[in-house]
């Protein structure tokens, strides 16, 4: 369905919409009187959303522990103890028989009768849950898109691609036609089983990583030797044993000392070779983010179907969910699922990683460069405020240790072949001590990063106050001055002959075209803006940026967006029972932000800022009211329009406690 665009005019006191007056409506989203709910329940207005860093504590690990203090149950923060277990099938069909029996009747499974899965397809179908019948999807959405369904007999829409008379699955069109459909709609950056096994079994050589880590170690060791307190010859002679009859030193000790001596000589050679060079400098592909429409990396909600939706709605650049370096190096399945991307995301797709040490950064970047070629940049997350990562030295903890951050970036730059390296930072870890302005100077002089993204908040601040765009502009100016100074230096003339401009991207609170264009038009030092929550609450924000007008999406238009998300979800996670459960869960996670959109047509003033909260309101129709509900049970009701009737055992607990609460 094509979106109907309605330009909203400025108005006076005649009851039409007015532009936002911050002094008049600070913290409050004003709704027209006729749309304010006639209810005594004021809980929605009082409830404050907690936009704690959108990150998956379920995957990273609970932040509590044996030593954590007992607290009263809070109404804000993450629901870390929520149950995300999925219901399993009573009878599970063997993967070898998903597409049916072999034509010659021979067994397809090497385990034969000893296999723990069902080989009798009719027996499996007799225990399979009923078909999903929907108005939104008359036939299997995956079959409709690709001409075949990879889920085969396990598909909950199987009747649309099943020949009952011959008891076999059907395909649509010729092989060439299906190949053409696949070329337009497929996923990239899939790591093979053999490649993953090489990581699990530690067979992958990490040649480049070992090289650069040796260089970094030699430089650090030389620095330690220089700064170590010097011992005089007299003191050294006093330390030696004076008794000639003392027992001789053990051979193992002598051997160890000899090995250390050789290692130190090797480190000395490396240091002399690379001390006056930018050893990390490599030829990279150009990275152009100028005026690009960028979606921020978003853990959990920033999954592949969501990114694909954002590409359809006008985004130019998308990022994977944050991947942890160590699980990547270890070949963990769940972590290697994160760099996957849809073909529509190429070019303009980046992978974000989090790490605490240079060896983690180097090996993760080398593995990504080797196994996932369809990426345009690798981004180091140096801004994540999650306590667990911070205590491990990852995320925003790197802001407190810029030397370590620089080593990580240089190691990544050395091993990533032609893939540019970028970094995302915050203003600092404490409100009273911003460090970004001094940090960018070091990044210019000591690294070859292609882009810097600055979130205009500190770690301490989280989302409690608005982003400081004045400071973002200050840092952008500092970056340009440092660039100019560096390029005039002898080192700069040698190392940056191409004089590539470091891309600078601002981030924080932008959710409308007015802020977007105002910031970029008023500050040439800022190349683009990264949008996070604004693109979750209002996915068509980039359509507004292009049109340079507010778009009042109707409930049917917003339902079409949800339908696209559901379609993309089923193509990604599948249409079997497990896939549908995954689709429903992530649909509800998406709704935990999408429901916060306040239709412009019911607003007294606009645009509504992210930190503004409305009183209870009703929409212009029942569907609009339903999509604006804060009750997770209503989100589940919406999911039934796309994924069928929900199981009685299905329970969805929003990640953020304040994202949803039952209505009275």
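Glycine too: its Cβ is placed from the backbone N, Cα and C atoms.
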**Asked** Among 266, 455, 572, 595, which residue does Swiss-Prot name as a further FMN binder in the site formed by 297, 298, 299, 352, 424, 507, 508, 509, 532, 533?
**Response** 455
**Annotated zinc finger segment (source Swiss-Prot; candidates 10-40, 134-164)** = 134-164
**Message:** Checking feature assignment: region 'Disordered' per Swiss-Prot, candidates 47-87, 88-128. Which range matches?
**Reply:** 47-87
**Message:** Between 230-261, 358-389, 390-421, I'd like to know which one Swiss-Prot lists as region 'Disordered'.
**Reply:** 230-261
**Complete:** Whole-Å Cα distance, residue 509 (FMN binding site) to residue 384 (active site, proton donor), is 16
**Prompt:** Within 10 angstroms of the C-beta of residue 533 (FMN binding site), what count of other C-beta atoms is obtained when all protein chains are considered?
**Reply:** 21
**Message:** Can you tell me whether DSSP puts residue 533 (FMN binding site) in helix, strand or coil?
**Reply:** helix
**Prompt:** How many other Cβ atoms sit within 10 Å of the Cβ of residue 384 (active site, proton donor)?
**Reply:** 26
**Asked** If one measures from the C-alpha of residue 507 (FMN binding site) to the C-alpha of residue 384 (active site, proton donor), what distance in angstrom results, rounded to a whole number?
**Response** 13
**Request:** State the mean pLDDT for the zinc finger (88-122).
**Result:** 88
**Prompt:** Between residue 299 (FMN binding site) and residue 384 (active site, proton donor), how far is it from one CA atom to the other, in Å?
**Reply:** 11
**Message:** Can you give me the same-chain residues 6 or more apart in sequence from residue 424 (FMN binding site) with a CB-CB distance under 8 Å?
**Reply:** 297, 352, 379, 380, 381, 382, 383, 452, 453, 454, 455, 507
